[in-house]
Each structure stands twice: as C-alpha cells, then as structure tokens.
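J.: The following feature annotations were taken from Swiss-Prot:
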- CYS31: active site (ACT_SITE)
- LYS32, GLY67, MET68, ASP69, ASP87, ASP110, GLY161, GLY162, GLN163, THR164: ATP binding site (BINDING)
- ASP69, ASP110, ASP265: Mg(2+) binding site (BINDING)
- SER2: N-acetylserine (MOD_RES)
- LYS32: site 'Important for catalytic activity' (SITE)
Amino acid sequence: MSTRESFNPESYELDKSFRLTRFTELKGTGCKVPQDVLQKLLESLQENHFQEDEQFLGAVMPRLGIGMDTCVIPLRHGGLSLVQTTDYIYPIVDDPYMMGRIACANVLSDLYAMGVTECDNMLMLLGVSNKMTDRERDKVMPLIIQGFKDAAEEAGTSVTGGQTVLNPWIVLGGVATTVCQPNEFIMPDNAVPGDVLVLTKPLGTQVAVAVHQWLDIPEKWNKIKLVVTQEDVELAYQEAMMNMARLNRTAAGLMHTFNAHAATDITGFGILGHAQNLAKQQRNEVSFVIHNLPVLAKMAAVSKACGNMFGLMHGTCPETSGGLLICLPREQAARFCAEIKSPKYGEGHQAWIIGIVEKGNRTARIIDKPRIIEVAPQVATQNVNPTPGATS
C-alpha cells in the first residue's frame with residue numbers, strides 16, 4: 001500500500017497552520033466513557049432487557065442487545081434478524097478525506113465483528129464545529145463527507161441520510177444496518193477451550209498519531225527522539241492512517257470460512273478491555289490469555305520511553321477502527337492468517353495468533369511479559385492518491 005500525499009491546507013485556500021485535530025480535545029475513540037462507568041450508566045437499560053433467543057419454525061433465532069458491538073433483533077416477520085450498530089469518533093488525523101473514511105470504517109467494523117459482510121444501509125452523524133470559520137467549514141466538511149461516502153461504497157452500501165448539527169468539537173460517525181438470515185452472522189459467544197486468539201490489525205495507532213503531533217512540540221519530541229526518528233514517526237503515522245481506513249470486511253468473510261467461534265473489534269477500550277468484554281459474553285466457562293502484542297514499528301519503544309503513559313504494553317491503549325479479535329479453532333488459525341494475506345483481497349491485510357482460550361471464569365488477561373511483534377510499515381515511500389478536489 002502506498003502513502004497518501006500529505007494533506008496541504010493551502011491547497012484548499014486554508015491557512016497553512018490548519019489542523020483538523022485541533023477541533024477536539026480527545027482523539028478518535030479515546031472519547032469512550034470508561035468501561036466501569038459505562039456499565040453503571042447502562043444498568044437501568046439492562047434491568048428489563050429481554051435478551052433470550054426466540055424460535056421460528058423450530059429454529060433458534062438469536063438475540064443480542066446491550067453490552068456488545070451490535071444488536072441482533074429477530075424481526076416480526078420471521079426467519080430474519082436486524083443487525084444494527086452506531087458509533088462515532090472525534091478527529092484523529094488531519095487529513096479530512098481520510099478522516100471520513102476512518103469514521104465510516106469504524107462504524108462498519110461492529111457489523112464485521114459479527115461476521116456480517118453486507119451492509120444494507122448507512123446513516124451519517126456529523127457534528128460541525130461552531131469554532132470553524134465559514135471557509136474552513138465549506139472546504140473541510142465536504143472532504144470528510146466524501147471520504148465517508150467512498151468508504152461506504154467500497155463496503156457495497158450507501159449513505160441515505162443522517163443528522164448534522166453544530167457542536168463545539170467535530171463529531172464523525174453513523175449507523176450501519178443490515179437484515180440477515182441466521183447463517184449470515186456469527187454470534188460472539190461460542191469460544192471453547194483450545195481455541196486461539198487472532199488479531200487482524202496491529203496495535204499502536206493512538207501512539208502513532210500522538211507522537212506525529214509531537215514533531216511540532218519540542219518539549220515532547222525531546223522525550224522520545226533518542227528511540228525514534230522523524231522518518232519512523234512519519235511512516236508509523238501513515239501506516240496507522242491506512243490501517244484505520246481499511247475495512248474489516250475481508251476478515252469478516254473469512255470468519256465463516258474458518259469457523260470462527262466469537263469475535264469483537266478493538267477500539268476505545270484497548271485490546272484488553274475488549275477481550276475482557278468478549279470473554280464475559282461466552283456461554284462456556286473460558287478465559288482468554290494474550291501472549292503476543294503486534295505493534296506498529298517503534299511504537300512500543302516510544303511508549304516505554306514515555307513511562308508507558310499510553311498503556312500500550314498493558315493492553316489499555318485505545319485504538320480507532322482497530323482490527324478484529326477472533327476466537328478460531330486451533331487447526332484453522334494458521335490457515336486464516338495465511339489466507340487473509342492473499343493478493344486477491346488487496347494489499348495490507350495481516351493477522352497474528354496472539355493468545356489462547358482456556359478453561360476459566362470468563363476473564364481475559366495479558367501475561368506479565370508479552371512478546372512484542374514489531375510490525376514493519378507496509379506503506380511505500382512514494383506519494384500517491386492526493387485528496388480529492390485539491391487545487392494545484
């Protein structure tokens with residue numbers, strides 16, 4: 001995969017100091033309410049929440065509600081289920097077009113975590129910052145919308161509506177909806193002892209985008225310049241941006257091919273938080289143990305140099321539009337990892353076996369000294385794919 005031409009504000013008649021990420025104080029899915037707080041807030045919704053499976057012509061129609069990536073609701077007309085999710089994030093990169101693509105990929109990822117590969121409809125939720133000038137709004141927001149639209153089209157769906165409001169911070173998100181037969185989705189609750197855990201995107205996106213901003217902040221750059229070069233940071237940033245914009249659709253399809261038992265996507269709670277949430281949903285008495293952490297090259301060293309302020313080694317560092325964490329039969333996992341790299345799926349797809357499923361009490365943990373897998377950037381050095389609509 002090639003790098004994009006860097007977004008140049010002056011090409012859009014904007015001040016050269018324009019930065020999209022300055023229109024928010026939080027980044028990406030770092031906006032999530034902490035898990036323990038969220039669970040308390042949702043208690044009243046869960047008290048009377050009917051979540052038992054239903055029957056249709058003798059077949060079980062699964063139901064999934066509050067607590068996981070999507071809802072799965074059996075429809076009144078029988079034999080079909082509504083699978084739906086909503087999500088939104090704040091700007092994490094300064095390229096508006098790519099930010100739109102990332103926001104769309106992030107919404108769709110919740111469907112893909114269910115093994116759903118076809119989305120019937122999308123809505124876009126857009127918060128336009130009231131701190132933007134008219135020129136900034138009129139130049140930047142259409143690029144974001146175009147990126148969102150293009151990613152939706154790549155996913156085989158379309159944006160048919162939504163809501164746009166004024167807000168102090170820019171907000172980007174949407175709703176993804178599909179109607180499925182039971183064989184078109186995989187319930188996230190069937191992991192068994194002996195399964196292995198597979199991850200389909202490297203960790204460290206939040207670190208990469210943060211340290212990229214530090215290039216302009218000498219007091220912060222001085223903390224890490226002995227462990228990373230400016231070129232390392234630029235490559236990690238480009239790799240993070242491309243990974244976040246990449247759909248998890250291929251992995252969702254391969255979940256069916258290789259008999260996945262459960263999955264979730266890795267976003268604002270970090271890999272450990274999402275692994276713990278997935279473990280709680282299991283029907284069997286199992287626990288997840290993570291031994292390996294695939295991380296964007298040099299970002300583990302950066303995290304350590306910062307006193308692990310990002311929580312990367314502890315698995316608590318937020319990710320935005322991260323990969324899928326999939327429970328696969330041991331005998332299928334290596335084949336999954338090999339297949340997803342096939343050129344027929346396009347460039348950039350990767351996967352790693354990172355842990356095991358063992359008999360336990362529905363918890364997840366990372367071992368004390370996990371193996372760090374340094375994931376080299378796949379982006380090329382040339383610049384291609386300029387942002388649509390730029391003036392020369």
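Even glycines carry a Cβ here, placed using N, Cα and C.
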J.: Going by C-alpha positions, which of the binding-site residues (ASP87, GLY161, GLN163) is nearest ASP265 (Mg(2+) binding site)?
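T.: Comparing Cα positions, the candidate nearest ASP265 (Mg(2+) binding site) turns out to be ASP87.
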J.: Tell me the coarse DSSP state (helix, strand, coil) of ASP69 (Mg(2+) binding site).
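T.: Its secondary structure by DSSP: coil.
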J.: What same-chain residues, at least 6 away in sequence, bring their CB to under 8 Å of the CB of ASP69 (Mg(2+) binding site)?
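T.: The list for ASP69 (Mg(2+) binding site) reads THR85, SER109, ASP110, ALA113, MET114, PRO188, THR264, ASP265, given in order along the sequence.
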J.: Say we define neighbours as other CB atoms within 10 Å of the CB. Which of the binding-site residues ASP110, GLN163, ASP265 has the fewest?
T.: GLN163
J.: Sequence gap of 6 or more, C-beta under 8 Å: which same-chain residues meet both conditions with respect to GLY161 (ATP binding site)?
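T.: The list for GLY161 (ATP binding site) reads LEU123, MET124, given in order along the sequence.
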